[in-house]
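Taken from TrEMBL, the feature active site applies to Ser309, Lys352. Per TrEMBL, compositional bias 'Polar residues' is recorded for 171-180. If you look up TrEMBL, you'll see 217-403 marked as domain 'Lon proteolytic'. Here TrEMBL flags 168-188 as region 'Disordered'.
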Amino acid sequence: PDPVFRWTSWSRKDERGSLHCPDSWQGVSSDRFGRRLRPVGYQRTQVLDPEQNHSFTDHYLNVAFDLSQVLFIATANTTATIPPALLDRMEVLQVPGYTQEEKLEIAHRHLIPNQLEQHGLTPQQLHIPQDTTQDVISRYTREAGVRSLERKFGAICRAVAVKVAEGNRVPETSSSGQEPQQEDKAAPPEMPIVIDHVALKDILGPPLFDMEVSERLTLPGVALGLAWTPLGGEIMFVEASRMEGEGQLTLTGQLGDVMKESAHLAISWLRANAKTYQLTNMVGGPDPMEGTDIHLHFPAGAVTKDGPSAGVTIVTCLASLFSGRLVRSDVAMTGEITLRGLVLPVGGIKDKVLAAHRAGVKRVILPKRNEKDLEELPANVRADLDFVMTGNLDEVLNASFDGGFPGKSSVRSHPQLSSKL
């Protein structure tokens, strides 16, 4: 708004205890050309600093204002571009995006009734089943909120409103006073008009996004991981192949530095424990990398991927490749790994588990220290899935393969020690 109007409103005594909600503060450090805008972030730091904002002076009017009683609630899509000094004076509240189940409820409670009212329709004229709504959510929109979803329902309502208007046309009479022939009349549509999958495709066109589903893993060297994005959770296939070479590791799929490090960690841990887990190279040698090149690929190569949570998936994928055994096709996993073979907790558990549930996965392998996050899941999701909480990679491998995986628990048995005292 006009700075004169804004400062004038704050200068009045009855406005000093007001609430102001600025939007999109993630771009305060640079302009659209990437140039740094230090004065903007500096001024906002002064506005929020309780040590300075009681006598803030704006450069536009050069008049001091008392902002100590003004509450600011700002929004931002990311905190990465907010200057550290400004971020230090804020209390950050992380608000996750809606899950698909939450979007489904929002659509039928709020979005669809609102669009029906705006387009002059009633529930007796238009009915959108929950299966159709689920299709719109998963195949025609991909967002953290529901703005695009509401626009899609608006397009459906407009198409139906046209059909209803055509069916209710008043027949025009000719100059002779005779009504047109019966075949010229538009037959009114049957009410309510139900939007099924065929009608949805006619109105909105072909689906914009394909939903990843769990496929049967028919070759060794493939495992199913779980990833988190700002738009929700997704399942992620990890593929590995080997060929004769010089022990090199090739990584593809537009991976970040952290994910590349996870791949090298997985290779080192498997080589160190190759004898224990009976892993061999292409000619049966004890070192899986001797005379062998490994290619590790993450599909959807146009999408940047990073983070430590793919560690357990990479280990399982490579263990499957080196042992020649298939990973269970109904298992998905997430977790960070260490060089000692420990499984560390990761974030985004709720979104990841919901993605696994939508994809038809039956067993989800999670870090043991993420068990507290299961309380956030809906009861029906917890009942449908088998959760395996793991603290080390030996437990991960045993849960990923049918019949377990040959490891320390099955190869070595430590004798029971008793005290002689």
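Backbone N, Cα and C define each Cβ position, glycine as well.
Long-range Cβ neighbours of Lys352 (active site) (same chain, at least 6 residues apart, Cβ-Cβ under 8 Å): Leu226, Ala227, Trp228, Gly233, Thr334. Other C-beta atoms found within 10 angstroms of the C-beta of Ser309 (active site) number 28, with every protein chain shown included. Averaged over the domain 'Lon proteolytic' (217-403), the predicted model reaches a pLDDT of 91.
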